[in-house]
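S.K.: So TrEMBL lists the following for this protein:
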| type | residues | note |
| --- | --- | --- |
| BINDING | Gly164, Glu165, Ser166, Gly167, Ala168, Gly169, Lys170, Thr171 | ATP binding site |
| COILED | 914-1097 | coiled coil |
| COILED | 1151-1266 | coiled coil |
| COILED | 1299-1351 | coiled coil |
| COILED | 1401-1428 | coiled coil |
| COMPBIAS | 617-628 | compositional bias 'Basic and acidic residues' |
| DOMAIN | 9-61 | domain 'Myosin N-terminal SH3-like' |
| DOMAIN | 70-762 | domain 'Myosin motor' |
| DOMAIN | 1524-1800 | domain 'Dilute' |
| REGION | 599-632 | region 'Disordered' |
| REGION | 642-664 | region 'Actin-binding' |
| REGION | 1099-1124 | region 'Disordered' |
Amino acid sequence: VTSSHHRMDSCARVWIPDAEEVWKSAELTKDYKGGDASLQLMLEDGKSIEHKLDPKTKNLPYLRNPDILVGENDLTALSYLHEPAVLHNLKVRFMDSKLIYTYCGIVLVAINPYETLPIYGTDIISAYSGQNMGDMDPHIFAVAEEAYKQMARDERNQSIIVSGESGAGKTVSAKYAMRYFATVSGSASEANVEEKVLASNPIMEAIGNAKTTRNDNSSRFGKYIEIGFDARYRIIGANMRTYLLEKSRVVFQADEERNYHIFYQLCASAHLPEYKTLKLGGANDFLYTRQGRSPVIDGVDDSKELCNTRSAFTLLGINESYQMGLFQVLAAILHLGNVEIKERDSDSSIIPPNNHHLTAFCELVGVTYQDMSQWLCHRKLKTATETYVKTLSRLQATNARDALSKHIYAKLFNWIVEHVNKALITNVKQHSFIGVLDIYGFETFEINSFEQFCINYANEKLQQQFNMHVFKLEQEEYMREQIPWTLIDFYDNQPCINLIEAKMGILDLLDEECKMPKGSDDSWAQKLYNTHLKTCTLFEKPRMSNRAFIIQHFADKVEYQCDGFLEKNKDTVNEEQINVLKASKFDLLVELFRDEEKATSPTGQVQGTGGRTRLSVKPDKGRDSSSKEHKKTVGCQFRNSLQMLMETLNATTPHYVRCIKPNDFKQAFSFDPKRAVQQLRACGVLETIRISAAGFPSRWTYQEFFSRYRVLMKQKDVLPDKKLTCKNVLEKLVQDQDKYQFGKTKIFFRAGQVAYLEKLRADKLRAACIRIQKTIRCWLARKKYLRKRSAAITIQRFTRGYQARCLAKFMRRTQAATVIQKYQRMYVEKKRYRQKQAAALAMQTILRAYMARQKYQGLLRQKKAVIIQKRVRGWLARCWYKRCLRSIVYLQCCIRRMRARRELKKLKIEARSVEHFKKLNKGMENKIMQLQRKIDEQSKENRLVNDKLVGLESSYTVESERMRGELTRLRGVEEDNKNKANQVSSLLEELEKLRKELSSTQQEKKTIEDWAQTYKNEMEKMVSDLRDQNGLLKTEKDDLNRLIQEQSQQMTEKMTRAIAQETQQLETDLNEERSRYQNLLTEHLRLEEKYDDLKEEMALSSHVSKPGHRRTDSTHSSNESEYTYNSEYAELEEGSRAAEDVTRGIDTSLTLKLQKRLTELEQEKQSLRNELENKEEQFQRARARDDAEFKKARGAELEYESLKRQELESENKKLKHDLAEMRKSLLGDAATGAGAPGSPAYKVLLEQLNASCEELEVRKEEVLILRSQLVSQKEAMHHKETMTEPSVYADDVSKLKDADELKQAYVGLKDTNRLLEHQLQTQRRTYDNEVESLRGELQTVKEENNRQQQLLAQNLQLPPEARIEASLQHEITRLTNENLELMADDPTASREARVIILRRMVDLMEQLEKQDRTIRKLKKQLKVYSKRIGEMGAGQAEGQTSPGQMVDEPIHPVNIPRREKDFQGMLEYKKEDELKLVKNLILELKPRGVAVNLIPGLPAYILFMCLRHADYVNDDQKVRTLLTSTINSIKKILKKRGDDFEMVSFWLANTCRFLHCLKQYSGDEAFMKHNTSRQNEHCLSNFDLAEYRQVISDLAIQIYQQLIKCMENILWPMIVSGMLEHETIQGVSGVKPTGLRKRTSSIADEGTYTLDSIIRQLNAFHSTMCQHGTDPELIKQVVKQQFYIVGAVTLNNLLLRKDMCSWSKGMQIRYNVSQLEEWLRDKGLMNCGAKETLEPLIQAAQLLQVKKKTDEDAEAICSMCLALTTAQIVKVLNLYTPVNEFEERVSVAFIRTIQTRLRDRCESPQLLMDAKMIYPVTFPFNPSSLALETIQIPGSLNLGFLTRV
């Protein structure tokens, strides 16, 4: 937008009028230039429209503010100030952020939410107390605080003007303002004035409020309540003035409306016995309560409300009799309304006799029936000469009856108001007051009558006063800043006021008409027309009516109907009826009609005379008489009271609250723009805006402008003078110098300039953001590119490496494949070759076999042929031979003859005959050799066959050998060869048969082997299955065992958790009880201080000057009189008694009340202490019960141990008996040689030693036997476990074939194994426990034996006197140890033993006490004797010798202790020096010197050493007075300097050290564990100071709480500034535009606190406490409390400041918290719990920074913000405000999502944290290692009168 009048750019957003929504937002779609007749717009729903401009004015639509300015706390912070901007801002705050309060300059706009909001509690009041009005979010409490501060600062009375329509929430706002004053200021006396002021509200609501169509609790009267304050600005009383009660409501109500609440409350309680006399019934039984037909209000219990009303009456001093009297009058009014008047004729009427309701009325008011019935139907007329009675018509009589009812109720109302005022008045002088005006707003209905006229007249007057005040403030602001003042034209409604109240005005003419005898509404209307119609432009006449008129008010035109104006203005009542009522026997009714100055108070008090002062305002003077009162018109009365009200308001500083009704249907958080605009116009808010907009509405300090718009400046523009810098920059940015003005401290801008500057800033930031985005995106892109490049290189490197590896792998694979192929081919070829070879060999074999067989067959055939041939040839040869023989014989004969002849010749050739023989034999040898060769070949074949058949049959080998032998023998014989040849054939046949048998045998063997292999595989499979099943079962067993262990562990953990939870719960209860107890101590201390203050004030009331205002910001303003101390009243010891006398004389009842209250508090304190002790006992009992249950669980395992224990106990008893005998023998023989060898004692000792040695040997043997048995059983079980299962398994597998049988057998085996394993484990545990117990018992017996021997040896060496004491001490120690052992072993058995041991210990202790008393008596006698000797021997040294020194002088050398010459750690003082001791050591001691130069806790040590001496000399009075003086003196110094942290810390440390000393040296065993032997000797011997320890502990608690309050007072002003407002990280957040209600600048000035200020203060606190020697645990508790205060205050302010809820502020908070955590870490305090107290603040800061859009974000927020309540989370989200336009607001849908998710949380609905909460403090025992005798008293303490003892 370049100019709002000449040119508008596209995309500009504007407001256009709308019939439904009043104003609608649109966006310009086309540039507008001067002269255009219309605008092209697009609505938010996307619809395009053309908006035509007014041809006359050519006014452009209103411009919208930037989104960043929407939702501002102050409407004047908006750059464009106009009606649509105001309406939209209110709607956004009300609907989206659920914020009902908004500032509009000096006006607080309050929108009725029609819902109860948690923003009015005491925590909210405490948060707003002391704060500047602009620092916190808008609130009624902020307005009240501003009025309170201005009253105290300016010494000027204040007024809060609350106005609005009926139902807008005026009464509630006024009620909350009064509640704020009552809570913050407190009361100046014990009369509880603030409670009485608040108690007036239910009374006035009951008698003055009613249900209307617009409001269920509408105030039907105006009231102005003045709350009075004294010089210290505490409430002392109040006064109430009422205006224009709507009396007509008593007799008439419209539909859906009710009469005043009090009537329905009485009807609802009519059934109760105390109200039976009123003769009431239901609300529907009476005319005056049933006309509206709506007798019940939803959610309101009328009977309960009546109880509240009566309680308020009682609190205000209106007693029961007066209350019942009031109820009688109210019931009488109801009965009077039911009186039926019948018409006798047209001019007269009559009441039937014995009318039930009239009878009840007469009985209730105490008048006669006849008189009342007479004057209800008649009236008396008076003339100058006579008086006569006139009858009344039925209508006139009814009107007279109603007029009487209204008059009675008005009188009753005034009486109640008067007596409420009397009850609120006190005798204390009023210094100032704050008035709260709750008055009706501007009203306009369809029919407007006299009431609306008066109401609007009052609003005209108030609006004039408001306009003048606003105009005055603007003028003052301009003059203060030295801005040229130009007259601002604003609406002045003085003409309208003159029209109403001036001479011959409307009211004047109305009064004149009322005086006329026959005046009427018509004649009055004609007078109005004639007088004003032509002379006044604000007065108009309706066109269609002659009985109405129109007035142009400041808000709107209103048409008034003239009917009833005269009657209502006259408000006439029949005087005879009044006289009848005045003659009543009912005292209260007579009092109602009596003159006011003669009325008495129901409380019997007389109104104070000199107590009240009022500026320019005086109460109404007494009315002249009843007759004159009735002649005074209502309009005149109202005009006079209104004039007084205006005088009062003009004499005060006004504060304005405008209540807005958002809708007419009472719907929660529903906004109707039409109704809202009407009320904004009527209540003057828009007029305020118009006045502001006419000048310079936007105002910035130079620092804020510089901080916000530093981005628009260049570096060269920034000068050291920021004011000059802002001027130079602004002249460059805005050319038109009329748009701004420079003031002294601020820059003033005209409307729209801030939006323009915001646009420039946003453009600059947007350009910077774009540049940053460009750079970041470039950097991100380059980073991404470099990352991609690096990734690509890496990928390439890995890819190339991968490829190289793949290539190498391929080459290796190729080579390997080649090798594989080579070997494969070789293998294939070799296999093929071998196959071929085998085939060839097979073929060869077959062929050769075939050839051999063929050859064999051939040879066989040949042989057979040869045989055949041989046989044939033989036969032929024989035949031939025979022929030849015959021939030969024949020839022989011939030849013999020839031979004979040739014999000679034969002899000659003899030689030739030998060679011939050889030739014959040569053929036979060849045949034999051939046969031999054949036999050899056959033998080889037989050998081969025999080799093959060797493994099968042994019988065949023998036969083969035999056959070989036969074949061998056949070599020599041819015949045998022949036989052998026959045998060979048979052998071959047999060989073939054997081959067949061999093949069949091999086949059978192979079948058997296959079956065996199959069976073996099946068995192996079955075994593997069984093994798997066994493994599964073992796994299952392990799983079950593990599950059992886990369950047992879980049960143990569960029990542990349950015990821990119960312990935690008990600790929580203990802490709560402790907190309650400490709170009661605080209350007790407060009452004591208040009592002392009252005594001092009463003593000095005559001459004490008026103190100034001492109220501090945001601290204890609510209870200032309780916690602060006025130094003017300190140390008035002399006047205290006189003050007590004065107090008794003045207010004895107050003293009795205080004493009663103190007694009650003491009783409650004692009961709480008892309850605390009971809780602790229950806690200890619960622990003991848990231990007992745990031990009972182990009972079964300890049975064996108990048996052994019994044996040992019997042995122990035996040893005790022996020891007793030995002692008797030792005591019986007192001679010096009793312990010598040979003596009886020595013999007894030897016997005991021998017996114990024998016993030890027996025990050793038992242990060894048991150990060997355990080992053997363990080995047997182990062997059984390892050997049983496989053997059984092997046996069973061979027998069982069926799978089911195997499974059943395995399951049984598994169960058996499990049972055996469990038994083994049980036995193993039992044996291990037995062995351990036996070892322990053996060791115990050994130690006991050694101890007995040592003690016996020591006792024998001691002298006779010391033996008894040593034996007693030993016996006590031994019995204690046995008791502890019995308690640990068996709790049930330990009780009896404990009783016995305790009895014995008591006996022994009595003996020791007797000896101690004897020793003390002897020492005293010794002192007396030594004193006498000193007096006799040395008279001069009498005054110099102390009793301690006298003790040191020896009387008997044997009884002189050597160490009594040393100091005993005691300090002696005289009785008269006690006051000096307390004064020097407590009252006048300066902590700084003691803490720096001396040891920590020195005063505590000195006090305890003095106390020890008083205990040493057994002086109980001295002990009591010393402790009492010490406690009272500490209280006194803390009361005097309770605001000095150093002093409080010093005495907290010393009080705790004194308490620790009382515990450490008390003689209790629990506190003596860490003592040295020397410290144990210093224990108190005569007095038990346990009760005083409790008193001192209570004192320490009070000092601790005072310390916390001191820290709060110091830290509180720093927290908000340092944690929230100061920018620790510079430049993160910018200041947004602010309105008239400016908050403190977030830029650190010289006087502004920063985070460093807080840390420096924390360092100061910590170093001070460390210097004072405060216990470390106590320092941790203090630091935890400090951090809680910091976190709570910061979070509370964050929740109440919309300007702090931004993203950048969340970053600041988190940084600040991290700095605090760093401080904790540096101090070593991280484990003190302080960090956890900051968790809510940390989560709130995180909530400001996290994303807030999606459901995932909602889930993350719900899981993250566990320390925040739902109300706090929703509040932060509602308050979240973007500082720059780049941020986004939180949507309403997202907030609803969060609420839905957090619906199931069970938590407190409280919004703010309790910043006043103090953690309960504990004082852990911290013994001191410092020896008391080493302490030296410095001379600077002036304690020279103390003597070291």
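Think of each number as a place in line: the chain as shown, counted from 1.
For all residues, glycine too, the Cβ spot is worked out from N, Cα and C.
How buried are the listed features, and what sits near them?
M.R.: Taken together, the residues of the region 'Actin-binding' (642-664) have an average pLDDT of 89.
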S.K.: Residue list, the region 'Actin-binding' (642-664) vs rest of chain: Cβ under 8 Å, 6 or more residues beyond ends.
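M.R.: The answer is 90, 94, 104, 106-114, 140, 143, 146-147, 150, 154, 156-170, 173, 177, 214, 224, 241, 243, 435, 437, 441, 457-458, 461-462, 465-466, 469, 614-618, 670-672, 675-676, 679-680, 683-685.
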S.K.: I need the neighbours of the ATP site defined by Gly164, Glu165, Ser166, Gly167, Ala168, Gly169, Lys170, Thr171. Which other residues of that chain put their C-beta within 8 angstroms of the C-beta centroid, in sequence order?
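M.R.: What remains near the Cβ centre is Asn112, Asn215, Ser218, Ser219, Gly441, Cys659, Lys661.
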S.K.: Under 8 Å between C-beta atoms and at least six apart in sequence, can you list the same-chain neighbours of Ala168 (ATP binding site), or say none if there are none?
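M.R.: Residues satisfying the criterion: Ala110, Asn112, Asn215, Gly441, Cys659, Ile660, Lys661, Gln679.
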S.K.: Around Ser166 (ATP binding site), which residues of its chain at least 6 apart sit with Cβ under 8 Å of its Cβ?
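M.R.: Within the chain, Ser166 (ATP binding site) has Cβ neighbours under 8 Å at Thr212, Arg214, Asn215, Ser218, Ser219, Tyr440, Gly441, Glu443, Lys661.
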S.K.: Sorted by position, what residues of the same chain at least six away from Glu165 (ATP binding site) have a C-beta under 8 A from it?
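M.R.: The answer is Arg214, Gly441, Phe442, Glu443, Cys659, Lys661, Gln679, Ala682.
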S.K.: Using a 10 Å cut-off on CB atoms, tell me which of the binding-site residues Gly164, Gly167, Gly169 is the least crowded.
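M.R.: With the binding-site residues Gly164, Gly167, Gly169, fewest surrounding Cβ atoms within 10 Å: Gly167.
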S.K.: CB neighbours of Thr171 (ATP binding site) within 10 A?
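M.R.: The answer is 23.
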S.K.: Have a look around Lys170 (ATP binding site) and count the other CB atoms within 10 A of its CB, chains all included.
M.R.: 27
